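Here is what TrEMBL says about this protein:
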type	residues	note
DOMAIN	17-457	domain 'Major facilitator superfamily (MFS) profile'
TRANSMEM	16-39	transmembrane segment
TRANSMEM	51-71	transmembrane segment
TRANSMEM	83-102	transmembrane segment
TRANSMEM	141-160	transmembrane segment
TRANSMEM	172-190	transmembrane segment
TRANSMEM	211-229	transmembrane segment
TRANSMEM	235-254	transmembrane segment
TRANSMEM	266-287	transmembrane segment
TRANSMEM	338-357	transmembrane segment
TRANSMEM	369-391	transmembrane segment
TRANSMEM	403-427	transmembrane segment
TRANSMEM	433-455	transmembrane segment
Amino acid sequence: MTVLTDRPPVARAGGALLATVLGGQFMAVLDVSIVNVAVPSIRVDLHATGAGLQLVVAGYAISYAVLLVTGARLGDRHGHGRAFQAGLAAFTAASLLCGLAPSTGALIACRLLQGAGAALMVPQVFSIIQRAFTGPARTRALGLYGAVLAGAAVAGQALGGFLTDADLLGTGWRPVFLVNVPVGLALLLLGRRHLPADRGSRARTLDPLGVATLAAAVLALVLPLVLGHEAGWPWWTWASLAAAGALFGAFAAVQRRGPAPLISGLVLRSPGLVPACLAILAVMASYAGFLFTLGLHTQRDLGYSPARAGLVLVPAAVGFAVSSLNWRRLPAHWHRRVIPAALLVVTAGYALMAWTIRDDRPLGPAYLAASAVYGLALGAAFSPLIGVALAHVPPAVAADASGVVATVTQLAAVLGVATFGTVYLSLAPAPSAAAVTDATLCVASLLAAAATLAVRRPR
């Protein structure tokens with residue numbers, strides 16, 4: 001076993017170590033998007049309601065977001081290699097349970113477990129790379145890290161459709177989850193031989209009260225948004241939304257007064273962090289809502305097969321991957337300027353895509369071209385936004401700030417699926433479901449425009 005303790009990083013760490021941690025990262029990102037195309041098949045097989053489908057998609061992101069910072073601290077306390085292996089084992093086991101789930105409720109519960117495993121595994125990847133590599137080797141490793149993030153986003157759209165359409169041995173949508181099992185087992189075996197056996201430091205403490213209040217606040221906000229339209233918006237949905245506001249206030253109070261808050265005041269006072277996070281929230285909420293509603297529209301309203309529906313999503317994902325990997329080639333003084341310009345293109349892209357799918361005709365070249373340009377602009381905005389968010393963070397809290405940005409990104413996915421999914425599912429019985437998609441994309445355009453306004457220079 002390769003043993004890395006608190007010595008300086010060593011360049012001799014091999015490709016097997018990098019393949020292990022990047023493989024885990026790939027699976028975690030893949031499972032954010034791979035389910036979207038399988039949603040209509042899940043609906044038919046498990047007789048799922050629209051609300052159940054939203055929770056199948058959002059459940060993963062809920063536990064991922066709420067537990068991400070805690071996962072990072074567990075790695076600091078118990079060792080990054082051990083934490084990665086534990087998270088990978090939990091993720092793999094939960095993937096198996098998802099693939100075997102007999103009901104919608106069981107699938108939602110397993111998706112929550114899957115997100116918890118990802119929350120323990122993913123924060124360790126960057127830390128292991130930073131400790132195991134140095135100099136040019138680290139630069140190459142971080143380049144591969146970025147490529148994996150982009151590649152998984154692309155692969156999720158296409159792979160989800162092909163696996164569902166293949167109906168392997170009559171299993172329908174289940175291989176979407178079961179594909180993780182052999183890969184996870186192989187990575188666990190690699191990890192036993194090549195991951196660091198660092199002991200960690202007990203200096204980092206946890207914040208269980210902060211985690212509990214944040215989880216309660218998120219659930220109090222998301223559940224009425226998801227369940228309200230099917231229940232007829234009874235009184236408890238409004239009470240829950242009001243309670244969500246109080247719980248977010250309680251979370252803020254816990255963070256101010258707690259001895260080891262999830263989000264320290266020093267992080268939030270970093271210039272530019274809060275407005276950049278608001279922009280990230282708006283951008284990623286619109287993106288997640290767009291993927292969810294388009295996946296339903298193409299299969300339910302247009303009659304596309306899962307594979308064809310997955311391919312419809314690929315141009316935007318490829319565009320996102322290309323620009324997110326290459327935006328640093330621009331001159332440094334353009335990095336901040338490109339954000340509002342790119343977000344305006346994203347807004348125009350949403351509007352153009354809404355126009356191209358204004359009726360129930362198959363999506364043609366105009367949509368595919370608009371989708372590719374939209375994806376390019378989204379990547380050109382999102383990646384620099386992360387840089388803006390972290391640009392003025394003190395080194396002592398850089399890891400915590402990265403956790404905040406990652407948490408905001410996942411919470412945005414939850415809110416996007418909950419809000420836009422509710423709009424779509426509430427109005428979908430109307431004569432033209434495509435018009436509902438138009439409305440959803442127009443609302444997403446407003447979010448993109450709001451994100452443009454949220455980008456301002458730090459003070």
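Placement of Cβ uses the backbone N, Cα and C atoms for every residue, glycine included.
Curation does not apply to TrEMBL; its annotations are automatic.
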Problem - Residues of the parent chain within Cβ reach of the transmembrane segment (403-427), under 8 Å, 6 or more residues beyond its termini - result: 32, 50-51, 53-54, 57-58, 61-62, 64-66, 68-69, 72, 122-123, 218, 221-222, 225-226, 228-230, 262-263, 267, 273, 277, 280-290, 292-293, 296-297, 386, 389-390, 436-437, 439-440, 443-444
Problem - Segment-level pLDDT (mean, integer) for the domain 'Major facilitator superfamily (MFS) profile' (17-457) - result: 83
Exercise for the section: Kindly say whether the transmembrane segment (369-391) and the transmembrane segment (266-287) touch, using the definition of 3 or more Cβ pairs under 8 Å where each pair is 6 or more positions apart. Expected result: yes
Problem - seg_contact(the transmembrane segment (51-71), the transmembrane segment (141-160)) with at least 3 CB pairs under 8 angstroms, min sep 6 - result: no
